[in-house]
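Residues or ranges marked as Zn(2+) binding site by Swiss-Prot on the basis of similarity to another entry: CYS407, HIS458, HIS584. What Swiss-Prot lists as domain 'TGS' is 73-135, and the listing cites sequence analysis. Look at Swiss-Prot and you will find 1-21 tagged as transit peptide, backed by sequence analysis.
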Amino acid sequence: MLLRLTARSIRRFTTSSSSLPLLSSSSFCTVPTMAANHPKDEAYLSAVIPKRIKLFEQIQANQLENLKSLPHDPIKVTLPDGNVKEGKKWETTPMDIAAQISKGLANSALISAVDDVLWDMNRPLEGDCKLELFKFDSDKGRDTLWHSSAHILGQALEQEYGCQLCIGPCTTRGEGFYYDGFYGELGLSDNHFPSIEAGAAKAAKEAQPFERIEVTKDQALEMFSENNFKVELINGLPADMTITVYRCGPLVDLCRGPHIPNTSFVKAFKCLRASSAYWKGDKDRESLQRVYGISYPDQKQLKKYLQFLEEAKKYDHRLLGQKQELFFSHQLSPGSYFFLPLGTRVYNRLMDFIKNQYWHRGYTEVITPNMYNMELWQTSGHADNYKDNMFTFNIEKQEFGLKPMNCPGHCLIFQHRVRSYRELPMRLADFGVLHRNEASGALSGLTRVRRFQQDDAHIFCTTEQVKGEVQGVLEFIDYVYKVFGFTYELKLSTRPEKYLGDLETWDKAEADLKEAIEAFGKPLVLNEGDGAFYGPKIDITVSDAMNRKFQCATLQLDFQLPIRFNLEYAAEDEAKKSRPVMIHRAVLGSVERMFAILLEHYKGKWPFWISPRQAIVCPISEKSQQYAEKVQKQIKDAGFYVDADLTDRKIDKKVREAQLAQYNYILVVGETEAATGQVSVRVRDNAAHSVKSIEDLLEEFKAKTAEFV
């Protein structure tokens, strides 16, 4: 096995970093440690920690010995600006290159990319290469710091509680990290956080290097034999897969990495919350404790984030949904939401908005079944790869499944008769109800549900049409996200090591996607080797008003399903049959999830065109109630959502209640307005008042909605 470490990277975990100042525990967001009563499995710790460290050091020493026999030939390292640095094969590390550039860069670079592959800063280079260095202000740097912080968290948890660690990744939402562990009967709470944070501070102060080795499957099983969860993970790995193990201080953990240079780069650490979880999300498996955390390279950023969290709590979509009477969930149908009349208005308006765009962009809407015989899912591959996430049942001794996605049904539509090249591109849109069997512990408001709808569409086109269709989808996404007030970024994920189809088709598809993005004029982030095995994809990450990131839209080329369903069309040479390319795309993604994102993005203040409470008429007294009802009817007949407050409350109280309910327009009417056929208009968040005729007001309403529905 080839060595992946330098001699200096095998320092003992108590050795301080020579290039970075030590971190005091006061730099962490902690309070004095409280003596939380908890059992600690000392026997487990005394058995596993020394054993793992001993095995790690033995394997590491063997790899170090192997390194000595390898040729340390000169290599050229090319930086993004074109500059070339000299180095030695199997000796020079990205950290060495960073130090050549500047001391400041060496003190702040968290991770590198070698020929577009993420690489530890202290891992030797293996030949001539392109090298990029990333700090915390990049996605790659941030995610690496948080991934490494999960290991620091795991170390603190294991040392404090003697728990069996399970998995500890960055969160999928891109805000921090967590670690799952098995604690027996112990349930963690906020009271345990001070001691956990103290353990993390201790690890950071020691500047423990993150050290990497490669192991065989047998070595991994021996190393983690006392942890049944790790053993299960290892046994599930492919036989030919390279297994990597990382160490920081006393923690030796199964991990593919990469990681930051050492623990002292984490200068601010905070536990956020604890919850229960099931092993592998299966309610029939072991109950685990999950601790969420956040970390930063300085205290200022942590303080800013904690302030943001307090602000975000006020606008949690679950709270706003209840307050505005939009939706609710019920224990008799977990993961499937009830949308109340006001919430249904927003839900339908979102779909109408997309349908209006479909009309102008050449999409054809279809309706497909909700359940299919399992034979369909076997053809599509879902039976082998996705069945655990499906709801299945038997009808007349045959197995059926509720659809988790629309693509196989759309393949049947394409397949059901002979197709010609003249019909392409064929853009099929579907708002069909989808069901996915999410674990109960994973359900989270509208953002993680079991029953949902998507603005799902699939484009069947020729190879020559791919570039134009992709550009059209990007323009569609851009228009919608600008309406919502989102910013976004594009990431192109290219061919993985294992892929379906021929190399020429992949190369052309990737080139078409790159050209489409370049023509679109949006910056591109390249994720080499991160595409699906059935085709390259473009990931679209949006940022909302609070600068949180979400992945909603999808754009995926698929070479597999057309083959699985044997889809063909008659080419211009009618004697010849050709295979279409299939493009999966969604703009909103899950309508439920987009509903939640928009509710929080707007902080409950819906724009007029999508608002469930567009206007309310408030009569000053009983004398003007009849006129108020007349105004309400005129506005309603014009197709707008309008209410009337006919209570006997004073007008100031009516207006105040309407403001709190987030009505876009508050229309006050009294005897004067009744006599002139006008209304006194108050617009939300605008102190100025005006008087308008009903006709002028309706024209204003129409102008605010015409573009969208």
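All positions are counted from 1 along the displayed chain.
Backbone N, Cα and C define each Cβ position, glycine as well.
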If you count the other Cβ atoms within 10 Å of each Cβ, which of the binding-site residues HIS458, HIS584 comes out on top?
HIS458
Within 8 Å of the centroid of the Cβ atoms of CYS407, HIS458, HIS584, which other residues of that chain place their own Cβ, given that this set defines the recorded Zn(2+) site?
MET405, ASN406, HIS410, ASP456, ALA457, GLN556, ASP558, LEU561, MET582, ILE583, ARG585
Determine how many residues of the domain 'TGS' (73-135) DSSP places in helix, in strand and in coil.
14 helix, 23 strand, 26 coil
So, in DSSP terms, is HIS458 (Zn(2+) binding site) helix, strand, or coil?
strand
Three-class DSSP secondary structure - CYS407 (Zn(2+) binding site):
helix
In which DSSP state, out of helix, strand and coil, do we find HIS584 (Zn(2+) binding site)?
strand
